[in-house]
Amino acid sequence: MDSTLEEINPHSQSPKPNFMVKLKDNLVFKSKWAELNGAMGDLGTYIPIVLALTLASDLNLGTTLIFTGVYNFVTGAIYGIPMPVQPMKSIAAVAISHPEFGIPEVMAAGICTAGILFVLGASQLMQLVYKLIPISVVRGIQLAQGLSFAMTAVKYIRNVQDFAKSKSGKERDWLGLDGLLLALICAVFILIVNGAGENQNEDQESTESETGYLRKKVRKIIFSLPSAFLIFLLGVVLAIIRGPKAVKGFKFGPSGIEVVSISKQAWKDGFVKGTIPQLPLSVLNSVIAVCKLSTDLFPEKREITATSVSMTVGLMNLIGCWLGAMPCCHGAGGLAGQYKFGGRSGGCVALLGVAKLVLGLVLGSSMVKVLTQFPVGVLGVLLLFAGIELAMCSRDMNTKEDAIVVLVCTAVSLVGSSAALGFLCGIVVHLILKMRNMGSDGQSCSSVLWFHRNP
C-alpha cells in the first residue's frame, strides 16, 4: 500500500512512510523455520544469568522479561538483523558473588554504564574509537569471548550447576533427564543438522545431486530442521516433567513494577564495583565487536554504527533499570549464536521479544519455578555452539603479525579474566609490531623507538 502511494506521488517529501516501510522490511522473515531456530541461539547465555540473578539477588523476573522483550522487538525493527539483548555479565557476576551487592546497586551500575555509553555515542566518540581500534585486536576480543563461552558451556554440560551461588558441583550423571548422555545427543544432533555452516551443507547437496531423488530429499529435510528450537522445546518438556509442581504453582498476571529506590551508598557501590569493570566489556564486546561482526555478516546494513549501537544500549538501561529490569547490552556472542542457527533478520529477535513479553505479562515471576528445572546441560550445548561460532570469526587473520596480536589479546583476556587487560596488551603488541615494520622499511622511527631487524 505504502509503496503504491510512493509510485503515484514520487515527489512526496514525507519521511514517515519510508521509515515505516523500512521497519516492516527489517521484521520480514528470510525463512520462517530458520528465523525461529535462530531466535534460540542466545538462550544459552540469557537463561542462566537471568536465573542466577533471580535466585541470588531477587531480580524481578517478570519485569525483566517484559523489558527485554520490548528491547528485542525494537532493536530488531531498527537494525534488521538478529541483534541480541544480553545481560551485562560483569555486573551480574558481582551481584551473584557478593550478597551485599543487591538490586539497588545492580540498577545503579546499569544506569551509570548506560549513561556513559549514551554520551560516548551521542558525542561521536564511540565511532572514533571504533575506527581507531585495529581489527586484529577486535578479533582477539571475539576469540577470547567465544572461547570463554565454550569453556563455560563445557562446565554446564559436565557438572551440576548451582546458579544461586554461581558454583559448579559434582560431575553430572550419564543418565537422567539432565544427564550427560542427553547433552551429547543434542550436540550430535546439531552437528548433523547444521554441520560447520550453511555453505558446507549446500556444497554437499550439490556434489550428490545425482545420487538419487530420495536421498537428496531426505538430506534436504534433515538440513532444514530447526535444531536449536527443537532442543529448546525438548528442554521445556523435560523441565515440566522434572518439576510438575512448578506448573501447578503458576500465578497468572504480570509482576508488580515499581521504581527502584537507590541510596547514595548504592550509587557509589554500583559505580565502583559494577560500572568500572563492566564498562570496558560493554565498549569492546557490546559495541565495537558487535559492529565489526555485523559488518562481516551483514555488509549491506550500513546503518549499524558504533554511535547507534552505543546509544541503544544506553537508552535501554536508562529506562528499564529504574523499574527493576536487568541491566542489558548487545553482545557479539549472541549475534554469532543467532546467526549460527539461522537468524538473518530483525524478525528473528522480534519473535523472541514477543515470546518474552507474553511470558512476562501472563506468568510474571512465577516462570522462575520452571526455569530452575530446565536441563542445564541442554543450555550448555546451545552456548557451546554460540561460543564456537563467535571464536571462528578470527579465522580471517592471515598474517603472522595479526595472529600474534590476536593470540596475545586472547591469552591475556582469558587468563586475566579481563577483556580490558587483553585489549591493552593487544594494542601494545600491535603498536610495537607497526613501529618495528616502520624501521625495517627504512623509514625513520628512531625518535620513537628502534628495533634491530634480524637478518
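For all residues, glycine too, the Cβ spot is worked out from N, Cα and C.
It should be emphasised that the depicted structure is a prediction, and the values quoted were computed from it without experimental measurement.
Quick look at what TrEMBL lists:
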- 65-85: transmembrane segment (TRANSMEM)
- 106-126: transmembrane segment (TRANSMEM)
- 132-154: transmembrane segment (TRANSMEM)
- 174-193: transmembrane segment (TRANSMEM)
- 221-241: transmembrane segment (TRANSMEM)
- 348-368: transmembrane segment (TRANSMEM)
- 374-392: transmembrane segment (TRANSMEM)
- 404-433: transmembrane segment (TRANSMEM)
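Counting Cβ pairs closer than 8 Å to the transmembrane segment (348-368), the top stretch among 65-85, 221-241, 374-392 is 65-85. 132-154 is the stretch from 65-85, 106-126, 132-154, 174-193, 404-433 with the greatest number of Cβ pairs below 8 Å to the transmembrane segment (374-392). Within the same chain, residues 133-134, 136-137, 139-141, 143-145, 147-148, 277, 280-281, 284-285, 394, 397, 449, 451 sit at least 6 positions outside the transmembrane segment (404-433) and bring their C-beta atoms closer than 8 Å to a C-beta of that stretch.
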